[in-house]
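Below is one structure, written out as structure tokens; the observations come after it.
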Amino acid sequence: MTRIYNFSAGPSMLPEAVLRRAGEEILEWGESGMSVMEMSHRGRHFGAIAEKTEADLRELLAIPPEYKVLFLQGGATAQFAMVPMNLLRDRTSACYVDTGIWSGKAIEEASRYCQVVVAATARAGGFTTVPARDEWRIDPEAAYLHYTANETINGVEFQDVPESGGLPLVCDMSSNILSRPVDVERFGLIYAGAQKNMGPAGITVVIVREDLIGKTIPGTPTVFDYRKHADNGSMLNTPPTYIWYLVGLVLEWLKREGGVAAMNARNIRKAEKLYAAIDASSFYSNPIDPAFRSRMNVPFRLADASLEKTFAAEAAAQGLEALEGHRSIGGLRASIYNAMPEAGVDALIAFMADFERRYG
Ligand SMILES: *Cc1c(COP(=O)(O)O)cnc(C)c1O
């Protein structure tokens, strides 16, 4: 068996140690006599797994006690609706910063429930930057300010937490949660699908300040009510137990590796060397404002775009998989989340140099 380097944007690579552990425990977890997959979500064994997972996440992100941590279904896409349904309360508008394809989808969904005020948009420049903070127009009457910390498709990432003008700050952290330190107290709500940086697809983490929840818009389905999930320990209905457990294994791995600070240092090194390789050659290019280049998703193009298919195919043949860009924007993209080893980035850089020698 040869494991490849998988540059997929999500579902994405998992740490090998996590997969091995899951393999070892596939028939029996602890002394339970059964697989985690077979356990009742309400039984003591799974209860211990769920508790440990939340405790580890709280520790890794230093989540204060006044925040609830929820494990939900429906992906970040469900959050595009749940956020306005739960956080609008008595307000009729919400502010959104538009920095790419994922913020666009969040805006489109929120528009079904409220008046969306686009505080700033980077559309005119083709979503290659974050609009300057002094150009944002924040509606003081809005219920919250939403932004996408890392635009997974466009490759644009906020490098700090923006000021929200007093509004609760809501953030889609699907593709960079746990990749760098974050001050949770600055936020009203953070959400993130697991399949980029936390585990397999099928679970979504919501971290929400408790005083913001408990009043939904009329007609909100029960399974879309944060309060109901919070009151039931995220077990309002049957949760995706096995995915929850795998997220727990990823968090244990993260702690062993040195936590978010260690990931941050490693991610900076990985991204810097990949961008340096792209910038050093006129054969490759990255269109993003260097101040907002993503450390997680690195889109790049070849000067001769007709070679891009060949690039992706030859890379895949050498064990560097899934380098095609998102179907909506084309080009190439390397997703280099926490679980991508530095050696994987080194291998990609070596391949790029070799490909340029042969085709440049
Ligand atoms: C992947 C992704 C989503 C969508 O996640 P789903 O689980 O497919 O709903 C939303 N936002 C960002 C930033 C993403 O990377």
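Just so it is clear, glycine is given a Cβ too, placed from its N, Cα and C backbone atoms.
Automatic prediction, not curation, is the source of TrEMBL annotations.
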Q.
Starting from the pyridoxal 5'-phosphate binding annotation in TrEMBL that includes ALA76, THR77, TRP102, THR152, ASP172, ASN237, THR238, which of GLN115, GLN195 is the extra site residue?
A. GLN195
Q. If you count the C-beta atoms lying within 10 Å of each candidate's C-beta, which of the recorded positions ARG42, LYS196 ends up with the smallest number?
A. ARG42
Q. Other than its own, how many Cβ atoms are within 10 Å of the Cβ belonging to ALA76 (pyridoxal 5'-phosphate binding site)?
A. 24
**Q.** From binding-site residues ARG42, THR152, ASP172, ASN237, THR238, the one whose Cα lies nearest LYS196 (N6-(pyridoxal phosphate)lysine)
**A.** THR152
Q: Between the Cα atoms of THR152 (pyridoxal 5'-phosphate binding site) and ARG42 (L-glutamate binding site), find the distance and write it as a whole number of Å.
A: 35
Q) What is the maximum Cα to Cα distance, in Å and rounded to a whole number, among the residues ALA76, THR77, TRP102, THR152, ASP172, GLN195, ASN237, THR238 annotated as binding pyridoxal 5'-phosphate? A) 30
(Q) Quiz question: given the binding-site residues THR77, THR152, ASN237, which has the greatest number of C-beta atoms lying within 10 angstroms of its own C-beta? (A) THR152
Q) Among ARG42, ASP172, ASN237, THR238, the binding-site residues in the record, which have a C-beta under 6 A from ligand 1? A) ASP172
